[in-house]
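Asker: Dropping the structure in here first, questions after.
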Amino acid sequence: MKSTKIVLFDIDGTLTEPRQSITTEMDRLLLELHEKIDIGLVSGSDLPKLVEQMNCNNFPNVTNSFEDPTENLINRFDYIFAENGLVAFNQGKLIHKKSIVSELGENKLQEIINFVLEYLSKISLPKKRGNFIEFRNGMINVSPIGRSCSQEERMEFFEFDRVHGIRRRLVEALQMKFNQHTDENPIRMHFAIGGQISIDCYPQGWDKSYCLQFLQDRYEEIYFFGDRTQLGGNDYEIAIDPRTKDYTVSDPGQTKSLLKELFFS
């Protein structure tokens with residue numbers, strides 16, 4: 001009998017510590033949960049990062065096991081929504097893929113990238129590393145410190161950003177530049193703070209609520225667990241969407257507690 005309910009999970013700060021692998025304890029809890037209800041992942045990260053964090057070689061499907069860790073991941077969950085659902089899988093099969101290049105065009109894409117690079121060149125931080133812009137299929141990810149930073153440097157920037165609002169000010173600058181709706185600029189952009197060191201840039205509507213179009217006619221109830229559900233966070237739009245039941249968490253420990261309370265008590 002098909003489930004009429006599904007639980008969607010953000011990853012960073014919800015199932016795992018930021019950019020860390022899932023723990024064995026959380027692995028087991030998700031396996032037990034999957035025996036009761038359908039489960040899925042929705043993340044701004046691309047598929048390789050999801051595979052890395054979900055530690056798929058040690059997290060096989062209950063009835064099927066694949067040597068390839070990517071196959072393990074996409075077959076383990078009922079739905080995988082990478083890049084907010086711009087790359088979507090159901091039961092191991094690719095069901096949707098859409099590109100930011102085809103939506104914006106190369107000229108607009110380069111205009112955004114050039115603006116970001118110029119902006120970052122004018123600010124000083126405790127440290128800067130490399131990989132400031134990561135181009136993904138459905139978005140541009142921008143990191144002021146650079147994604148090549150170490151875990152220690154990541155935490156240092158995160159604390160610095162909390163005090164000085166580096167990412168918030170970058171979002172405000174991008175909104176002022178690219179959200180003035182004109183004939184020359186018909187596509188409104190959205191800029192959201194995500195994780196600890198970056199922001200996501202994508203066309204309006206390509207936030208995490210994008211994935212709900214693939215679920216709304218299939219499920220009567222859609223639960224969502226995420227940590228950045230405040231205004232400006234990259235979980236905000238899906239959390240406030242009337243199609244979901246939102247559960248805001250502060251860390252994986254709270255996720256485990258809520259899951260046990262909701263589905264195992």
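Don't overthink the numbers, they just go from 1 along the chain as shown.
Cβ atoms here come from the backbone N, Cα and C positions, even for glycine.
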Asker: Select one of Arg136, Arg168, Arg188: the residue that TrEMBL places in the alpha-D-mannose 1-phosphate site alongside Arg19, Arg147, Arg154, Ser198, Asp200.
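Answerer: For the alpha-D-mannose 1-phosphate site that includes Arg19, Arg147, Arg154, Ser198, Asp200, TrEMBL also lists Arg136.
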Asker: Just to be sure I read the record right: Asp10, Asp12, Asp241, Thr244 are listed as binding Mg(2+) in TrEMBL. Which of Asp27, Asp227 is listed for the same site?
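Answerer: Looking at Asp27, Asp227, the one TrEMBL places in the Mg(2+) site next to Asp10, Asp12, Asp241, Thr244 is Asp227.
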Asker: Cα within 10 Å of Asp12 (active site, proton donor/acceptor): which of the binding-site residues Arg19, Arg147, Arg154, Ser198, Asp227 qualify?
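Answerer: The binding-site residues close to Asp12 (active site, proton donor/acceptor) (Cα within 10 Å), listed in sequence order, are Arg19, Asp227.
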